[in-house]
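Per TrEMBL, these features apply:
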{"type": "TRANSMEM", "residues": "136-154", "note": "transmembrane segment"}
{"type": "TRANSMEM", "residues": "166-184", "note": "transmembrane segment"}
{"type": "TRANSMEM", "residues": "196-215", "note": "transmembrane segment"}
{"type": "TRANSMEM", "residues": "227-246", "note": "transmembrane segment"}
{"type": "TRANSMEM", "residues": "267-292", "note": "transmembrane segment"}
{"type": "TRANSMEM", "residues": "312-338", "note": "transmembrane segment"}
Amino acid sequence: MGESESAKKIEEEVRRVVEQAKELQDSAASFISKASADDQSLRNRAVSLDSSIRRLHSLLSHNDHNLLDPKLADKLEEDLQRARCIMVDGDAASFLPPKTQGGFLKMFLGPINVRASQKDVQLKVKEEYNSYRDRTALLFLFFPAALLILRSWIWDGCLPAFPVQLYQAWLLFLYTGLALRENILRVNGSDIRPWWIYHHYCAMGMALVSLTWEIKGQPNCAQKQRGVQLFLQWAMMQGVAMLLQNRYQRQRLYTRIALGKAKRMDVVWGETAGVTGQLWLLCPILFAMQGFEAYVGLQLLKTAFIGVVSEWQVFFCGILLVLMAVGNFVNTVQTLMAKSRFKAKMKRSKSKPEL
């Protein structure tokens with residue numbers, strides 16, 4: 001008798017659990033259906049508002065017939081930029097159409113969606129990218145410095161092949177990591193210039209090819225390794241420039257974000273986001289580094305043409321270095337010109353008492 005009652009209780013409890021599971025499923029389906037409808041409504045509103053901002057920005061940019069006073073047009077354009085920052089920096093950003101993922105991300109990660117739906121997750125991606133740059137900037141400076149010091153003190157002026165190839169393998173890892181992170185940041189709303197990502201693609205290709213480059217030794221080691229030595233010296237300059245950018249420019253970017261002139265997902269790279277005093281320090285270093293990069297590339301081409309080191313890898317790396325130097329120079333000049341135009345516009349939009 002007791003066993004029969006226990007069996008009934010268990011049967012009733014199982015039946016009750018099954019009913020509760022069905023009710024929970026119905027409630028969840030109803031909630032998801034309602035949330036999907038609300039989600040689609042918010043997406044439509046976000047797309048419509050984004051379209052209006054773009055249309056008004058286009059009208060203000062083509063104020064050729066002076067329909068608006070220039071000062072008023074500049075103020076309205078600044079207000080539009082602030083509205084745009086509010087949209088892309090807030091929770092509404094998750095309802096904007098996502099940027100298409102490039103072939104680079106699909107090649108490494110497959111067809112998965114790397115866009116974060118929550119802003120705090122996006123910001124964590126950005127902070128991890130900044131931390132990665134901080135860590136690699138120090139290695140970018142000390143790794144080639146250690147190789148050059150050991151070359152003079154221990155290796156009698158002739159670099160062994162293995163330490164150089166280990167450094168080149170680290171460069172391949174570094175640039176691949178940077179390119180992956182920057183592509184993910186672009187998908188999540190960052191404004192990284194496409195050139196800097198393409199620059200890292202070129203650097204990846206150069207690092208990969210240089211791994212197959214036979215490092216020549218004695219005899220005549222100094223002449224055969226002249227290109228490698230110059231490249232290591234250039235890498236040290238690059239490390240110094242990265243440390244300066246990380247230290248000075250990020251604080252300026254935080255200020256621009258607070259003023260509504262930049263998005264929280266924006267990052268500093270190259271020569272962007274510096275104030276006047278910082279640009280006086282950074283620009284000579286950047287231009288010197290770009291000139292030296294082109295010089296290293298030309299030296300590699302020279303050693304390939306005169307037959308000192310005639311492998312195709314030397315010729316390929318020389319061409320890539322020259323192309324990257326020219327691209328970096330052009331983008332630096334374009335950014336400085338855009339910065340100058342922006343400052344001139346800001347001065348025009350202010351009255352003399354405000355200045």
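Yeah, the Cβs are placed from backbone N, Cα and C, and that goes for glycine too.
Here the structure is a predicted model, which means the values were calculated and not measured.
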Key: Top partner of the transmembrane segment (227-246) among 136-154, 166-184, 312-338 - counted as Cβ pairs under 8 Å   = 136-154
Message = Suppose I define contact as three or more CB-CB distances under 8 A, residues 6 or more apart in sequence; do the transmembrane segment (166-184) and the transmembrane segment (136-154) meet it?
response = yes
